[in-house]
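Colleague: I have a structure here, written as C-alpha cells, and I will follow up with some questions on it.
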C-alpha cells in the first residue's frame, strides 16, 4: 500500500479546491493505477510437490549454503546461513533446473519474513523434514505471478 507525505496530501487538497472534483478523481485513478501493476512470468514447471492440496503446510526446513541473487520477482534473494521454510518443490522438466518455493525465517531478516519465492534447490541443504506425506499437483499461472 502506498503512503503519502503530509505535503503530498496538502497538494491533493489544494488541487481539489482549485481544479474541481472531476480532475482530482482522474488524478487519483492515475495514482491508483500505478500501484496495481503485475506481471505474469513464464512457468518454471508444470507440476509441484506439496504437503497438502493448497501448499500451505511446510514440507521442510533448509539452510542456505551459498548466496543467491534473484534474477526476477519470482525468486528470493538468499544469504549463506539463512533458514528457509520449504512449501513446495517444483517437478522439473527434463533439462530444467530444480526449484523449490519457500520463505526465509530469521529474526535478523524480519523484512524478508513471510515473502514466498523460488530458489534453486542446489543452494540449500534440507535440515529437517516435517512431513513424508506429499501430494503432486499441477502448477497454475498464479504460482509464477509477480507484483
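Each Cβ is built from the backbone N, Cα and C atoms, and glycine gets one as well.
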Colleague: Check each of the ranges 12-33, 34-55 against TrEMBL and return the one annotated as transmembrane segment.
Modeller: 12-33
Colleague: Any idea what the model's mean pLDDT is for the domain 'SH3' (57-129)?
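Modeller: Per the prediction, mean pLDDT sits at 88 for the domain 'SH3' (57-129).
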